[in-house]
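Quick look at what TrEMBL annotates:
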{"type": "COMPBIAS", "residues": "1-11", "note": "compositional bias 'Pro residues'"}
{"type": "COMPBIAS", "residues": "99-108", "note": "compositional bias 'Pro residues'"}
{"type": "DOMAIN", "residues": "235-370", "note": "domain 'Helicase ATP-binding'"}
{"type": "REGION", "residues": "1-38", "note": "region 'Disordered'"}
{"type": "REGION", "residues": "94-121", "note": "region 'Disordered'"}
{"type": "REGION", "residues": "147-168", "note": "region 'Disordered'"}
Amino acid sequence: SRTSPPPPPPSAVSGGTSYESSSNPNSAAPPSPSAPIRVGSAAGWELVVSPGDHVVHRKYGVGVLARSFHKIPPPTRAEKSGQAQRLQREIDRARAAGLPPPPTPEPASPTLGTEDRPGDPRAQLTLEIQYSDGLLHVPASKAYRLSRFRPGSTGPAPRLSKMGGGAWEKKKEKVRQGAHEIAEEVLALYATRDRLRRPPFSDRLSPLVANFSATFPYPPTPDQARCFAAVEQDMVYRTRPMDRLICGDVGFGKTEVAFRALYRCVAAGRQAALLAPTTVLAGQHYKNLAQRMEPFGVRVAMLRGRVASKYRGRLGGREQVKEGSADGTVDIVVGTHALLSKDMAFKDLGLLVVDEEQRFGVKQKERLKM
(Lines of atoms letter the chains of each structure in order from A and count residues from 1; the text may use other names and numbers.)
(Lines give C-alpha, C1' and ligand atoms only; values in the text may rest on other atoms or scores of the structure.)
Protein backbone atom coordinates (compact mmCIF):
# COMPACT_ATOMS: atom_id res chain seq x y z
CA SER A 1 0.00 0.00 0.00
CA ARG A 2 1.07 3.57 -0.59
CA THR A 3 2.42 5.43 2.41
CA SER A 4 2.40 9.20 2.53
CA PRO A 5 4.60 11.12 4.98
CA PRO A 6 2.96 13.33 7.63
CA PRO A 7 2.81 17.09 7.14
CA PRO A 8 5.74 19.24 8.33
CA PRO A 9 5.80 20.35 11.98
CA PRO A 10 3.61 23.37 12.78
CA SER A 11 5.30 26.65 13.57
CA ALA A 12 3.25 27.19 16.72
CA VAL A 13 2.08 24.50 19.10
CA SER A 14 -1.35 25.02 20.59
CA GLY A 15 -2.63 21.48 21.01
CA GLY A 16 -2.96 18.11 19.30
CA THR A 17 0.29 16.43 18.25
CA SER A 18 3.59 18.14 17.51
CA TYR A 19 6.40 16.59 15.49
CA GLU A 20 10.16 17.02 15.65
CA SER A 21 11.73 16.24 12.28
CA SER A 22 14.86 14.15 11.85
CA SER A 23 16.80 12.64 8.97
CA ASN A 24 18.58 9.77 10.77
CA PRO A 25 16.60 6.49 10.47
CA ASN A 26 16.55 3.88 13.16
CA SER A 27 14.89 0.70 12.02
CA ALA A 28 15.42 -1.42 15.15
CA ALA A 29 12.57 -3.57 16.38
CA PRO A 30 10.09 -1.71 18.58
CA PRO A 31 10.26 -2.40 22.33
CA SER A 32 7.35 -3.85 24.25
CA PRO A 33 4.93 -1.28 25.72
CA SER A 34 6.21 -1.72 29.28
CA ALA A 35 9.92 -2.40 28.65
CA PRO A 36 12.52 0.29 29.43
CA ILE A 37 13.52 2.35 26.41
CA ARG A 38 17.24 2.96 25.94
CA VAL A 39 18.51 5.58 23.52
CA GLY A 40 21.96 7.10 23.27
CA SER A 41 24.77 8.33 21.07
CA ALA A 42 28.30 7.30 20.15
CA ALA A 43 29.61 10.13 22.36
CA GLY A 44 28.42 8.29 25.47
CA TRP A 45 25.14 10.08 26.17
CA GLU A 46 22.36 7.70 27.22
CA LEU A 47 18.73 7.95 28.34
CA VAL A 48 16.83 5.03 29.88
CA VAL A 49 13.11 5.60 30.50
CA SER A 50 9.96 3.53 30.77
CA PRO A 51 6.37 4.38 29.82
CA GLY A 52 4.87 6.41 32.64
CA ASP A 53 8.15 8.09 33.62
CA HIS A 54 8.28 11.86 33.84
CA VAL A 55 10.76 13.46 31.47
CA VAL A 56 11.89 17.03 30.80
CA HIS A 57 12.19 18.47 27.30
CA ARG A 58 14.49 21.45 26.89
CA LYS A 59 11.87 23.46 25.02
CA TYR A 60 8.52 22.21 26.29
CA GLY A 61 9.15 21.23 29.93
CA VAL A 62 7.83 18.36 32.07
CA GLY A 63 5.84 15.60 30.38
CA VAL A 64 5.08 11.89 30.70
CA LEU A 65 6.44 9.24 28.36
CA ALA A 66 3.28 7.65 26.95
CA ARG A 67 4.75 5.07 24.54
CA SER A 68 7.30 4.41 21.82
CA PHE A 69 6.75 3.32 18.23
CA HIS A 70 8.37 3.37 14.80
CA LYS A 71 7.36 6.25 12.60
CA ILE A 72 8.32 7.66 9.22
CA PRO A 73 9.51 11.20 9.97
CA PRO A 74 8.16 14.24 8.09
CA PRO A 75 10.09 15.13 4.91
CA THR A 76 13.02 17.47 5.24
CA ARG A 77 13.10 20.86 3.58
CA ALA A 78 15.28 19.51 0.78
CA GLU A 79 12.91 16.59 0.19
CA LYS A 80 9.89 18.89 0.05
CA SER A 81 11.71 21.19 -2.39
CA GLY A 82 12.59 18.24 -4.63
CA GLN A 83 8.97 17.00 -4.60
CA ALA A 84 7.73 20.45 -5.56
CA GLN A 85 10.23 20.70 -8.43
CA ARG A 86 9.30 17.27 -9.78
CA LEU A 87 5.60 18.15 -9.63
CA GLN A 88 6.23 21.42 -11.46
CA ARG A 89 8.16 19.63 -14.25
CA GLU A 90 5.28 17.18 -14.71
CA ILE A 91 2.84 20.11 -14.95
CA ASP A 92 5.03 21.85 -17.54
CA ARG A 93 5.33 18.70 -19.68
CA ALA A 94 1.56 18.14 -19.52
CA ARG A 95 0.88 21.74 -20.68
CA ALA A 96 3.38 21.44 -23.53
CA ALA A 97 1.66 18.26 -24.71
CA GLY A 98 -1.82 19.80 -24.39
CA LEU A 99 -2.78 17.40 -21.62
CA PRO A 100 -4.53 18.28 -18.36
CA PRO A 101 -2.13 18.89 -15.45
CA PRO A 102 -1.59 15.98 -13.03
CA PRO A 103 -3.60 16.16 -9.80
CA THR A 104 -1.89 17.66 -6.78
CA PRO A 105 -1.43 14.96 -4.10
CA GLU A 106 -3.48 15.58 -0.99
CA PRO A 107 -1.66 15.66 2.35
CA ALA A 108 -2.04 12.44 4.28
CA SER A 109 -3.14 12.10 7.87
CA PRO A 110 -0.27 12.62 10.32
CA THR A 111 -0.58 9.03 11.62
CA LEU A 112 -2.24 7.07 8.78
CA GLY A 113 0.22 4.49 7.47
CA THR A 114 3.22 6.01 9.25
CA GLU A 115 3.33 4.26 12.63
CA ASP A 116 4.65 0.86 13.65
CA ARG A 117 6.61 0.33 10.45
CA PRO A 118 9.97 -1.09 11.69
CA GLY A 119 10.56 -2.78 8.32
CA ASP A 120 10.50 0.50 6.41
CA PRO A 121 14.06 1.87 6.05
CA ARG A 122 12.71 5.37 6.60
CA ALA A 123 11.04 4.52 9.92
CA GLN A 124 12.77 5.31 13.19
CA LEU A 125 12.08 4.84 16.89
CA THR A 126 9.94 7.70 18.20
CA LEU A 127 9.01 8.64 21.76
CA GLU A 128 5.54 10.02 22.43
CA ILE A 129 5.45 12.53 25.29
CA GLN A 130 2.16 13.52 26.90
CA TYR A 131 1.73 17.17 27.95
CA SER A 132 -1.25 18.90 29.48
CA ASP A 133 -2.30 20.35 26.12
CA GLY A 134 -1.23 17.68 23.63
CA LEU A 135 1.31 15.13 22.47
CA LEU A 136 4.90 15.57 21.31
CA HIS A 137 6.68 13.04 19.08
CA VAL A 138 10.44 13.01 19.60
CA PRO A 139 12.55 10.81 17.28
CA ALA A 140 15.38 8.84 18.85
CA SER A 141 17.96 11.00 17.08
CA LYS A 142 16.53 14.05 18.91
CA ALA A 143 16.18 12.33 22.29
CA TYR A 144 19.21 14.23 23.59
CA ARG A 145 16.73 17.04 24.21
CA LEU A 146 15.11 14.88 26.89
CA SER A 147 16.23 14.03 30.41
CA ARG A 148 14.68 12.12 33.27
CA PHE A 149 12.75 14.17 35.80
CA ARG A 150 14.54 13.90 39.14
CA PRO A 151 12.46 15.19 42.06
CA GLY A 152 14.31 16.71 44.99
CA SER A 153 12.36 14.59 47.49
CA THR A 154 9.44 12.22 47.60
CA GLY A 155 6.11 13.93 47.06
CA PRO A 156 3.23 14.32 44.63
CA ALA A 157 3.80 13.86 40.92
CA PRO A 158 4.89 17.03 39.11
CA ARG A 159 2.38 19.07 37.15
CA LEU A 160 2.63 18.58 33.39
CA SER A 161 3.79 21.58 31.38
CA LYS A 162 2.01 23.18 28.44
CA MET A 163 3.67 23.09 25.04
CA GLY A 164 1.93 26.33 24.11
CA GLY A 165 2.58 29.61 25.89
CA GLY A 166 5.62 30.86 27.74
CA ALA A 167 5.13 29.30 31.19
CA TRP A 168 8.07 26.94 30.81
CA GLU A 169 10.44 29.70 29.68
CA LYS A 170 9.37 31.85 32.63
CA LYS A 171 10.00 28.96 35.00
CA LYS A 172 13.48 28.36 33.55
CA GLU A 173 14.34 32.04 33.86
CA LYS A 174 13.18 32.02 37.48
CA VAL A 175 15.40 29.03 38.21
CA ARG A 176 18.36 30.76 36.51
CA GLN A 177 17.90 33.82 38.69
CA GLY A 178 17.60 31.66 41.80
CA ALA A 179 20.78 29.77 40.88
CA HIS A 180 22.66 33.05 40.44
CA GLU A 181 21.44 34.28 43.82
CA ILE A 182 22.48 31.06 45.54
CA ALA A 183 25.88 31.18 43.82
CA GLU A 184 26.41 34.73 45.06
CA GLU A 185 25.42 33.75 48.60
CA VAL A 186 27.72 30.72 48.59
CA LEU A 187 30.59 32.78 47.17
CA ALA A 188 30.11 35.41 49.89
CA LEU A 189 29.91 32.65 52.53
CA TYR A 190 33.17 31.05 51.47
CA ALA A 191 34.88 34.41 51.22
CA THR A 192 33.79 35.09 54.80
CA ARG A 193 34.85 31.64 56.02
CA ASP A 194 38.23 32.06 54.34
CA ARG A 195 38.88 35.09 56.55
CA LEU A 196 37.58 33.46 59.74
CA ARG A 197 39.91 32.00 62.31
CA ARG A 198 39.09 29.60 65.13
CA PRO A 199 41.04 28.25 68.06
CA PRO A 200 42.34 24.77 67.17
CA PHE A 201 41.45 21.75 69.24
CA SER A 202 44.08 20.86 71.81
CA ASP A 203 46.62 18.19 70.90
CA ARG A 204 46.59 17.08 74.55
CA LEU A 205 43.34 15.23 73.82
CA SER A 206 45.17 12.56 71.82
CA PRO A 207 45.25 10.03 74.73
CA LEU A 208 41.47 10.39 75.23
CA VAL A 209 40.86 9.98 71.50
CA ALA A 210 43.13 6.92 71.50
CA ASN A 211 41.08 5.34 74.30
CA PHE A 212 37.89 5.94 72.36
CA SER A 213 39.44 4.64 69.14
CA ALA A 214 40.37 1.41 70.93
CA THR A 215 36.66 0.57 71.23
CA PHE A 216 36.47 0.15 67.44
CA PRO A 217 36.30 -3.65 67.00
CA TYR A 218 38.09 -3.76 63.62
CA PRO A 219 41.61 -2.83 62.54
CA PRO A 220 41.53 0.36 60.45
CA THR A 221 42.26 0.10 56.74
CA PRO A 222 45.09 2.12 55.19
CA ASP A 223 42.54 4.53 53.68
CA GLN A 224 40.88 4.97 57.07
CA ALA A 225 44.24 5.71 58.68
CA ARG A 226 44.92 8.42 56.09
CA CYS A 227 41.48 9.94 56.77
CA PHE A 228 42.06 9.86 60.54
CA ALA A 229 45.34 11.72 60.08
CA ALA A 230 43.85 14.28 57.66
CA VAL A 231 40.92 15.09 59.95
CA GLU A 232 43.24 15.38 62.96
CA GLN A 233 45.44 17.76 60.95
CA ASP A 234 42.41 19.93 60.16
CA MET A 235 41.05 19.99 63.69
CA VAL A 236 44.25 20.27 65.73
CA TYR A 237 46.85 22.05 63.62
CA ARG A 238 44.84 24.49 61.51
CA THR A 239 42.95 27.63 62.45
CA ARG A 240 40.65 27.82 59.43
CA PRO A 241 37.16 26.25 59.61
CA MET A 242 37.31 22.68 58.34
CA ASP A 243 35.53 21.66 55.13
CA ARG A 244 36.44 18.06 54.35
CA LEU A 245 34.61 15.52 52.20
CA ILE A 246 35.07 11.83 53.01
CA CYS A 247 34.23 9.60 50.01
CA GLY A 248 33.93 5.83 49.93
CA ASP A 249 31.66 2.94 49.13
CA VAL A 250 29.22 1.44 51.61
CA GLY A 251 31.00 -0.50 54.35
CA PHE A 252 34.42 1.09 53.84
CA GLY A 253 34.50 2.84 57.25
CA LYS A 254 33.42 6.45 56.65
CA THR A 255 31.27 6.42 59.80
CA GLU A 256 34.21 5.60 62.07
CA VAL A 257 36.10 8.61 60.70
CA ALA A 258 33.12 10.78 61.62
CA PHE A 259 32.72 9.19 65.09
CA ARG A 260 36.34 9.87 66.06
CA ALA A 261 36.03 13.48 64.91
CA LEU A 262 32.81 13.85 66.91
CA TYR A 263 34.47 12.49 70.05
CA ARG A 264 37.50 14.77 69.64
CA CYS A 265 35.17 17.76 69.42
CA VAL A 266 33.17 16.77 72.52
CA ALA A 267 36.33 15.93 74.49
CA ALA A 268 37.42 19.53 73.86
CA GLY A 269 34.29 20.77 75.61
CA ARG A 270 32.27 21.73 72.54
CA GLN A 271 29.06 20.39 70.99
CA ALA A 272 28.65 18.43 67.76
CA ALA A 273 25.81 17.52 65.43
CA LEU A 274 25.27 14.70 62.93
CA LEU A 275 22.78 15.35 60.12
CA ALA A 276 21.30 12.37 58.24
CA PRO A 277 18.82 12.40 55.32
CA THR A 278 16.40 9.73 56.62
CA THR A 279 14.87 8.77 59.94
CA VAL A 280 16.15 5.18 59.63
CA LEU A 281 19.73 6.29 59.05
CA ALA A 282 19.54 8.84 61.88
CA GLY A 283 18.25 6.11 64.22
CA GLN A 284 21.15 3.82 63.30
CA HIS A 285 23.70 6.56 63.94
CA TYR A 286 22.05 7.47 67.25
CA LYS A 287 22.09 3.86 68.46
CA ASN A 288 25.74 3.33 67.50
CA LEU A 289 26.84 6.68 68.93
CA ALA A 290 25.06 6.04 72.22
CA GLN A 291 26.72 2.63 72.56
CA ARG A 292 30.18 4.03 71.81
CA MET A 293 29.98 7.43 73.51
CA GLU A 294 27.93 7.02 76.69
CA PRO A 295 30.61 4.91 78.47
CA PHE A 296 32.84 8.00 78.11
CA GLY A 297 30.25 10.31 79.64
CA VAL A 298 29.07 11.81 76.34
CA ARG A 299 25.40 12.78 76.27
CA VAL A 300 23.76 11.92 72.94
CA ALA A 301 20.23 12.82 71.84
CA MET A 302 18.25 12.43 68.65
CA LEU A 303 15.92 14.92 66.98
CA ARG A 304 13.65 13.62 64.23
CA GLY A 305 10.37 15.44 63.93
CA ARG A 306 8.16 14.73 66.92
CA VAL A 307 9.71 11.38 67.75
CA ALA A 308 11.21 11.12 71.24
CA SER A 309 14.66 9.73 71.91
CA LYS A 310 16.06 8.09 75.00
CA TYR A 311 18.18 10.77 76.62
CA ARG A 312 19.92 10.61 80.02
CA GLY A 313 17.86 7.63 81.15
CA ARG A 314 14.47 9.13 80.32
CA LEU A 315 12.38 9.89 77.26
CA GLY A 316 13.09 13.36 75.97
CA GLY A 317 10.77 14.86 73.41
CA ARG A 318 11.49 17.38 70.73
CA GLU A 319 11.40 20.43 73.00
CA GLN A 320 13.55 18.79 75.67
CA VAL A 321 16.25 17.94 73.12
CA LYS A 322 16.20 21.51 71.77
CA GLU A 323 16.48 22.91 75.28
CA GLY A 324 19.41 20.62 76.03
CA SER A 325 21.12 21.68 72.84
CA ALA A 326 20.64 25.37 73.62
CA ASP A 327 21.86 25.19 77.23
CA GLY A 328 24.74 22.79 76.53
CA THR A 329 23.48 19.77 78.49
CA VAL A 330 23.44 17.73 75.26
CA ASP A 331 26.84 17.04 73.73
CA ILE A 332 25.87 15.44 70.40
CA VAL A 333 22.56 15.82 68.56
CA VAL A 334 21.73 13.35 65.81
CA GLY A 335 18.86 14.38 63.55
CA THR A 336 17.25 14.65 60.18
CA HIS A 337 15.98 17.84 58.56
CA ALA A 338 14.64 18.86 61.97
CA LEU A 339 18.19 20.04 62.75
CA LEU A 340 17.74 22.68 60.05
CA SER A 341 14.71 24.31 61.68
CA LYS A 342 15.05 27.99 62.54
CA ASP A 343 14.37 27.45 66.24
CA MET A 344 17.25 24.98 66.59
CA ALA A 345 20.14 26.47 68.58
CA PHE A 346 23.44 25.27 70.05
CA LYS A 347 25.38 26.72 72.95
CA ASP A 348 28.78 26.05 71.35
CA LEU A 349 28.65 24.02 68.12
CA GLY A 350 32.13 22.93 67.12
CA LEU A 351 31.59 20.25 64.46
CA LEU A 352 28.86 19.36 61.98
CA VAL A 353 28.90 15.99 60.19
CA VAL A 354 26.56 15.61 57.20
CA ASP A 355 25.95 12.03 56.11
CA GLU A 356 25.08 11.57 52.42
CA GLU A 357 25.51 15.29 51.90
CA GLN A 358 24.47 15.04 48.25
CA ARG A 359 20.88 14.54 49.42
CA PHE A 360 20.72 17.97 51.04
CA GLY A 361 20.28 21.29 49.28
CA VAL A 362 22.98 23.94 49.04
CA LYS A 363 21.09 26.42 51.20
CA GLN A 364 20.44 23.79 53.86
CA LYS A 365 24.11 22.95 54.26
CA GLU A 366 25.44 26.49 53.99
CA ARG A 367 22.98 27.80 56.58
CA LEU A 368 24.53 25.63 59.28
CA LYS A 369 28.03 26.61 58.24
CA MET A 370 27.30 30.19 59.25
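Using the three backbone atoms N, Cα and C, a Cβ is placed for every residue, glycine included.
Predicted, not measured: the structure shown is a model, and the values here were computed from it.
Note on the domain 'Helicase ATP-binding' (235-370): DSSP counts are 60 helix, 27 strand, 49 coil.
Across the region 'Disordered' (147-168), the DSSP tally of helix, strand and coil residues reads 2 helix, 2 strand, 18 coil.
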